[in-house]
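Worksheet: one structure, shown below.
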Amino acid sequence: TAIEDKLQDGVPACIDTLQRAGIKIWVLTGDKIETAINIAYACNLINNEMKQFIISSETDAIREVEERGDQVEIARFIREEVKKELTKCLEEVRSYFSSPPAPNLALVIDGKCLMYALDPSLRVILLNLSLNCHSVVCCRVSPLQKAQVTALVKNGARKITLGIGDGANDVSMIQAAHVGVGISGMEGMQAVMASDFAIAQFRYLVDLLLVHGRWSYLRICQVVTYFFYKNLTFTLTQFWFNFQTGFSGQRFYDDWFQSLYNVIFTALPVIMVG
């Protein structure tokens, strides 16, 4: 609203609960790096005990090259710096995990560096580094980059992804994820209209995932198992009957019985469970 930008109630507790449930949380924001880190601290995503890897384009070496104004040289230099930083961080991560206990790790990367890190040649290094980190914060990213990072995890790591956002700049990220959740509020309704589920506050994500999501998962498992055995019973009787008929192709069931079997055993249990 350009007046006040603060966390909603219950966000830190919600994020802590989701992390204890084994869900990895990434923050993709358009804020500058200092603001993004402060937000991550405020919502318990990063703490002082974590080892932080910060890959930023706001370094003296990069500023010096940018002052010369040669775009080709700037692009080449930043690309080399990003590659060097990613490789160095990944080696550090491996050294931490080779001598346990390893500390929790956090990766902070800005949009300009992310643009080069998402290059096909560096994408694998970025993904390996990110997946080994407890928290990932991408700041100064564009809506397109949000979608690219989501697609990177979705396709590269073969993970189920959920995108949650409250504004029009989150629409591409929400649509790129397997499941999209929109928050209705001060930012308008664009995110809600592009999402699969709509909630009023971020903290309701816990109920959506860990309560209703769990119930839905159990219901689907029950229904899949039921349909499997329903069809198995129907098919096996026909198969055993073929031993009596010498595999002549004679049918064990009449047409009306086949129709009724599926109507009764498909419709009624679903209605009862529902």
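Backbone N, Cα and C atoms are what each Cβ position is placed from, and that goes for glycine too.
What TrEMBL annotates here:
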| type | residues | note |
| --- | --- | --- |
| BINDING | T29, G30, D31, R140, K146, N169, D170 | ATP binding site |
| BINDING | D166, D170 | Mg(2+) binding site |
| DOMAIN | 192-274 | domain 'P-type ATPase C-terminal' |
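DSSP places the residues of the domain 'P-type ATPase C-terminal' (192-274) in helix, strand and coil in these numbers: 66 helix, 3 strand, 14 coil. Put simply, D166 (Mg(2+) binding site) is 13 Å from G30 (ATP binding site) when counted between their Cα atoms. Here the domain 'P-type ATPase C-terminal' (192-274) returns a mean pLDDT of 89 for the predicted model.
Using Cα positions, the member of the binding-site residues T29, D31, R140, K146 nearest to D166 (Mg(2+) binding site) is identified as T29.
Binding of ATP is attributed in the record to T29, G30, D31, R140, K146, N169, D170, and the widest Cα separation among these residues amounts to 13 Å.
Other than T29, G30, D31, R140, K146, N169, D170, the residues of this chain whose Cβ falls within 8 Å of the Cβ centroid of the ATP site are, in sequence order, L28, C139, V141, S142, P143. Other Cβ atoms within 10 Å of the Cβ of D31 (ATP binding site) number 16 in total over all chains.
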